[in-house]
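Step one of this worksheet: look at the structure below.
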């Protein structure tokens, strides 16, 4: 960053060689010129947002960017996971081409995980790659999806099946935007915050337990710490394994079960974070049945998930349907489902599991 | 390569660090086990081809691959530039997902430039990236489009607007496949061969002039040399500038005008190589009007283009329409069209040009 930030702005660096970038975390960042300096030079910027976020924050972002870019265009997508498809993505390409945007144009993803994933994939693909900036406005996007360069759209046969590893030029997390977040989405974001405890940091798990009520009532300092520590852990993992050849997969704890829930119910029925919350309970139960962790730890984390307002029991899709949906998970190899399990509190691994054991877990955790 | 090749197989290396790969050039490669060894290990392969090429060569490739992969699937796309769109690309994703292909699955692009570009983009995007191999069966694909990692689909508002830089694991050019190529497509491929002369190698230009009749009657030795030398020049340029931040753009000589012809007439009306052939004549005329080269060199290359069976006069779309179409070219910046010009025989550069000069060129070169 060229200009100094006020003391309240925190910075987390994602170290990826010439693809390195900073995550800025703080209050009022949308209106802070320093948050937008030193970005790639271009004549044109395109803000990609959705129908929910646009009326709240798009004007503020456009004001901030108009000092830097001669033309600032905007495209407003329909809101929700159900629209994370090619048809909606094409609205971004239509906007880019109809405004004559060139290969230096910078895209800004203003919204939650869906907007971020789609904008990132659009940036990766438009003219074979233009720069983009993540401006996450949901807790889930701030602590997880905006960081690390995973971009994608869904295919009717599987979630996030079409996409790219493509890093943003910067991530700007304005904590003020969390004020307008529906409580259900706050909870969904907390699922990804809680996730970092069992897979990487029991000290952070202790902290979340002690502060879950503060987080639920959106205490600014508690949110700031949760976002920062989550980003630090994610930065550390992604810095070691950008393209998920190994370690990075642990960030998908709860996601194999969770994706099956989302796909089985139809995208958008449960929020992604809700499915992950419930999926973590299943992942914990599987880890226990594999003899890796004890029941007390399972209960401890399950209780925390419940206190975050998240479901801990899955929909009764039937074990066969769950297994079928999980076989198209990206971690699967030659038809074998691979699960993220907790080896011991604070450490995760990726491995297969006998179908019979998975059926038991599903029987226990669904109704 | 682990195994030695027969003497008739030539190898050109694309040096791109951990994305380096070999181009194999020779006769009978489809049936030669050594052409398919040492590729990424996987349980599954998917051959992507089209309705024209499938009946000719798909069975041969499937036989070669079945020694290496447990399951070899196939998807047959409609043939032609008009189908280089999302809808057709999605047929590849449908095939991958319905066959349960995982993130180690290897894709094989068996066909011309359209099949190669689409398969490459599908490989870049499926589960955020799976390996792929180019098996070009047209001269154009063997000398140009299969080499260098440019992948893309078209958008109604512009050619190759959505894609990725994504390198194949190998390129296998079986010269035998050129035997079934329609004469019109042979000519289209020669356009890209001729291109390498004015932009990079006047010695090669001399050789093409001396051998154009042999090339037109598909003399095997002449084709082998043309493919090899073209790949060497392209390998050299791409090795210096993989993502087209500068030098690589010279490979687009004739393409700015050419893309306008293709888009203006509707994709598929003229073959890409035909549009490039005519576009090179326009590019040469522009270079002359800019005072860079003399009329004798323009006439020399124009004559060669005509001897290759290519059009040297463009369709009368009107200058305004040409300019409008060229403004969405990927090389354009802030609305200024950027042309590849010949600075002197054997050397090219990218620069803008006054609209008035471009109009004169269009008036001279269209009817």
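Note: Cβ is positioned from N, Cα and C throughout, glycine not excepted.
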Same-site Zn(2+) binder from B:225, B:255, given that TrEMBL records B:192, B:272: B:255
Distance from residue B:113 (NAD(+) binding site) back to residue B:255 (Zn(2+) binding site), taken between C-alpha atoms, in Å: 15
Neighbourhood of residue B:180 (NAD(+) binding site) by C-beta distance under 8 A, where only residues 6 or more apart in the same chain count: B:56
CB-centroid shell, 8 A cutoff, Zn(2+) site B:192, B:255, B:272, site residues removed: B:140, B:144, B:145, B:191, B:195, B:254, B:258, B:273, B:275, B:276, B:279
Among B:138, B:177 [binding-site residues], residue with fewest other Cβ within 10 Å: B:177
Other CB atoms, at most 10 A from the CB of residue B:116 (NAD(+) binding site): 30
Site with most surrounding Cβ atoms, counting all protein chains shown within 10 Å, from the binding-site residues B:79, B:192: B:192
Three-state composition of the domain '3-dehydroquinate synthase N-terminal' (B:75-187), taking helix and strand from DSSP: 47 helix, 34 strand, 32 coil
Nearest-integer angstrom distance between the alpha carbons (Cα) of residue B:138 (NAD(+) binding site) and residue B:192 (Zn(2+) binding site): 12
Per-state residue totals over the domain '3-dehydroquinate synthase C-terminal' (B:189-332) - DSSP helix, strand, coil: 104 helix, 1 strand, 39 coil
